[in-house]
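K.L.:
Let me begin by handing over the structure; questions about it come next.
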């Protein structure tokens, strides 16, 4: 099913993207390459026991007995490295071309290559110490994520497994305290590619040995200090302030192995600047507040008067993003990012999708507000959705087959796959309603930017 869906004879039914378009080649290959810190003679410092650490004798003995070694040997840096080829393939049409051998190699390399360093993300580093751990009540430590560097100099964002696949998000959970799911990141990449958006960075599942591939290679003493041994003799670690300072919110291996997602890094902001822009349909991040779009059915009229939503593709791209988020059930799209090089009509990056696929039994129709309130959709997007609604190319079947390629398959449970078909029908129903009200000519829009040949 998947092979047939991606064949040229089928994909031509959805107008193709340009062969290349403007590339994101704002740098020279030599400038992109940064030397990884030398690991020669590296011996981690003793791990201090902090109030947030697990202060047990067992933990101390474990740390003393660890035979910490230098990181895996770095490979020679080659211009054909998959992560570098991925970066060079970014164009105004998407993060990668439809047929990109670099993406397949990148997924394989992120799964296979040894890690040479592990650290907190820059956002987390900036916030360390900005809160009082004793004041944290809610388990907001679900944001646990790490930056891993591989022996080929590539980097990926690691999000560990926090929730079993068959578990649903409790219905009383607010979206802003929901778990971040590693399998949601993996599934979102596959869905984004099937929808022909190509706006999610390549993401793959991997079974990580958190002792050898994180603890033994990190130079960050704060990260070292949050590892401990559980009563079940499993190796665990937890997020430091400002997220969570309690061992009950830790993630644990079995005893060392832990599932997680690895999402490829985008080019450095210094080399390929990006803008982070508030979503016009942002939700209220309070327990009782509502945003204007939630109470004003004419809200889109206001948005259409504001630059850059008053012309070009920006509003159409927002609708694309809403359709994607509705399919995965993501209510947490408070901002979106764009590469500055591609201007106002550049594509929107679909980053941070770990809060998707939380509830297969519920369809959050409010996520479709940009579509239902603005009543506009790209012709290419609509044609692709209609194709995926046909029995021979059913979205759930194409996703099921695509996800079998991931090392952690099965990535989604069957109810989540079937929910995709149900939600797709709801999207098409919303489009038909708009066409009935306004006519196809006003609802179905052509891209204002034509792809380059």
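Cβ coordinates come from backbone N, Cα and C, glycine included.
As the structure is a computational prediction, the values presented were derived from the model and not from experiment.
What TrEMBL records for this protein is below:
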- 332: active site (ACT_SITE)
- 159, 263, 264, 265, 266, 337, 352: ATP binding site (BINDING)
- 352: Mn(2+) binding site (BINDING)
- 1-21: region 'Disordered' (REGION)
K.L.:
In Å, rounded, how far does the Cα of residue 352 (ATP binding site) sit from the Cα of the residue listed as 'active site'?
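P.N.:
Cα-Cα distance, residue 352 (ATP binding site) to the residue listed as 'active site': 9 Å.
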K.L.:
Rounded to whole angstrom, what's the largest C-alpha distance between any two of 159, 263, 264, 265, 266, 337, 352, listed as binding ATP?
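P.N.:
Max span of the ATP binding residues, Cα based, is 20 Å.
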K.L.:
List the Cα distance (Å, whole number) between residue 332 (active site) and residue 159 (ATP binding site).
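P.N.:
On Cα coordinates alone, these residues lie 17 Å apart.
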K.L.:
Radius 10 Å, atoms counted are CB only; among the binding-site residues 264, 266, which position scores highest?
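P.N.:
Comparing the binding-site residues 264, 266, the most crowded Cβ belongs to 264.
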K.L.:
Below 8 Å Cβ to Cβ and six or more residues apart, same chain only. Which residues does that give for residue 265 (ATP binding site)?
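P.N.:
Those within reach of residue 265 (ATP binding site), by Cβ under 8 Å and sequence separation of 6 or more, are 83, 147, 154, 155, 156, 157, 201.
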K.L.:
Out of 337, 352, which of the binding-site residues is least crowded by other Cβ atoms within 10 Å?
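P.N.:
Comparing Cβ neighbours within 10 Å for the binding-site residues 337, 352, 337 has the fewest.
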K.L.:
Including all protein chains shown, what's the count of other C-beta atoms within 10 A of the C-beta of residue 263 (ATP binding site)?
P.N.:
26
K.L.:
Let's check the environment of the residue listed as 'active site': how many other CB atoms sit within 10 Å of its CB?
P.N.:
20
K.L.:
Just to be sure I understand the packing, how many Cβ atoms besides its own are within 10 Å of the Cβ of residue 159 (ATP binding site)?
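P.N.:
By my count, 27.
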